[in-house]
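> Reproduced below are the annotations present in TrEMBL:
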type: COMPBIAS; residues: 1-13; note: compositional bias 'Basic and acidic residues'
type: REGION; residues: 1-28; note: region 'Disordered'
type: DOMAIN; residues: 23-54; note: domain 'TFIIB-type'
type: BINDING; residues: Cys27, Cys30, Cys46, Cys49; note: Zn(2+) binding site
type: REPEAT; residues: 140-223; note: repeat '1'
type: REPEAT; residues: 234-315; note: repeat '2'
Amino acid sequence: MTGPIRQREREQGVETEQGESENVQTCPECEAGNLVADAGGSELVCEDCGLVVEERNVDRGPEWRAFNHQERQSKSRVGAPTTNTMHDKGLTTTIDWKNKDAYGRSLSSEKRSQMHRLRKWQERIRTKDAGERNLQFALSELNRMSSALGVPRSVQEVSSVIYRRALKEDLIRGRSIEGVATAALYASCRKEGIPRSLEEVSEVSRVERKEIGRTYRYISQELALGMEPVDPKKYVPRFCSELDLTEEVESKANEIIDVTAEKGLLSGKSPTGYAAAAIYAASLLCNEKKTQREVADVAQVTEVTIRNRYQEQIKAIGLYN
């Protein structure tokens, strides 16, 4: 009987040690939170008092060393990291379409026929049900639109996660896949602080702007995304760059936005139109005049919007009575 009892005690001891190591966040000696790992990664040390809080940590890195990219590629025995931008998270095997072996030699006719059948069945089993086919199509659309908009990879990852959540919560029912995918991309742009207007997103999509906005509001509410209002100043650098305006104009436009926003003018206004009007006003003040049409074309708003916001802004900052 002593054998099983000792075994249980050892297991409990290991679990206790693991739990303690996971919960270590502050130094037990000085209660400081400045815990750092040493160069080898085997010890956890308090930066304030020097106490070794943990030792013999498990090194989860590779056991080999590499000094250039070629060595890293040849020595690595693992695949690419998982990604939400692929419906299978990149874990399935991809069979190359080149009918060549590992040495670059062409395959025989029998082998080519065999590989053709393998590829066909591989494609079939990758999407085994309607949900996976839905996800595969949506993620391919997100990849296409992200590339067309020129947004970072992080935005595409976030949009893929949002779409997966929408699919899991059954929010796609009664709506187009493209509409929900585009709304997820717009939401991820806002979440990651990458300024893209609804007009810009609808240009690369096959969905109308009105439907994108409606779907975005729906999934944002249902998934509790907690979106913050878009800051018009995030559009200023890109618009000024496209208009070939100097940093002086950019700085002045940001100043106009800050002053007028403090007076409550921004409430209920489109951030793109507001930013465009501030840039137009700043270009006049800095003697780098741009026409309302030029600014409107870049910001994808109407000239009427720029005129209205411009009049409100110059009145608020006291330029004209």
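Every residue gets a Cβ built from N, Cα and C, even glycine.
What TrEMBL says about a protein is an automatic prediction, not a curated fact.
Structural setting of the listed features?
Taken together, the residues of the domain 'TFIIB-type' (23-54) have an average pLDDT of 77.
In sequence order, Cys27, Glu29, Cys30, Ala32 are the residues near Cys49 (Zn(2+) binding site), counting only same-chain partners six or more apart with C-beta under 8 A.
Here the repeat '2' (234-315) has, by DSSP, the following mix of helix, strand and coil residues: 60 helix, 0 strand, 22 coil.
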> Do any residues of this chain, six or more beyond the ends of the domain 'TFIIB-type' (23-54), have a C-beta under 8 angstroms from a C-beta of it, and if so which?
61
> Can you count the other CB atoms that lie within 10 A of the CB of Cys30 (Zn(2+) binding site)?
13
> Sorted by position, what residues of the same chain at least six away from Cys46 (Zn(2+) binding site) have a C-beta under 8 A from it?
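Non-local contacts for Cys46 (Zn(2+) binding site): Cys27, Glu29, Cys30, Ala32, Asn34, Leu35, Val53.
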